Amino acid sequence: MKVFVIIALVGMAKAAPQAPASATPAKVPVIEWGKCEQLKPSESERTSKAAVVDKCLQSLPLPDPEKATQQEIDKHRESVTTCALKAEGWFDDEGVYKFDRARNEIKNKKLDSEVEEAVLLKHDACQKEATEKHDDYINQVQLYQACMDYNISQICGIKVMV
């Protein structure tokens, strides 16, 4: 989940209009995975996720950065993320996020047992909070992913440096 969000942002950054040549080039973030090196995506995972985001960007072109409001930019980011999650099969036939799949993905990472147990407890808490606070699935996913991003980074000691 965290990996998806990072990859989605990187894919969107690659597709964004380029700054003039005289501008300072954007720095690529460096991620220290702490106790959770298993969460680091492989090159093929990164390539696959970037391709999904690129495909979504083809059907959902970026708004004109000169004219777009922050609200339009935020809505576009939400639309691209939703498109990518749908393309990867993260929603069932009714459009409900597959929390059970997220739980299984955590288990499949084979984290240290103490770390896995802590992450799974947070998964349950984040799922409960998201489904209790929001009826619509998109807001549930946003809250769940933000909750998990925060908790996984705390539990694992993940640091993102620019």
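Count begins at 1; order follows the chain as displayed.
Every residue gets a Cβ built from N, Cα and C, even glycine.
Not measured: the values here are computed from a predicted model.
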Per TrEMBL, cysteine bonded by disulfide to C147 (from C126, C156)
C126
Integer Å value for the Cα distance linking E32 (Ca(2+) 1 binding site) with C156 (disulfide bond) is 10
How many Å lie between the Cα of C147 (disulfide bond) and the Cα of C83 (disulfide bond)?
21
Sort E32 (Ca(2+) 1 binding site) into helix, strand or coil using the DSSP assignment.
strand
Non-local Cβ contacts of C156 (disulfide bond) (under 8 Å, 6 or more apart, same chain)?
W33, G34, K35, C36, L39, V115, V119
Tell me the Cα distance separating E132 (Ca(2+) 2 binding site) from C56 (disulfide bond), rounded to the nearest angstrom.
29
Rank aside, I only need the closest one: which of the recorded positions E37, C83, C126 has its C-alpha nearest to that of E132 (Ca(2+) 2 binding site)?
C126
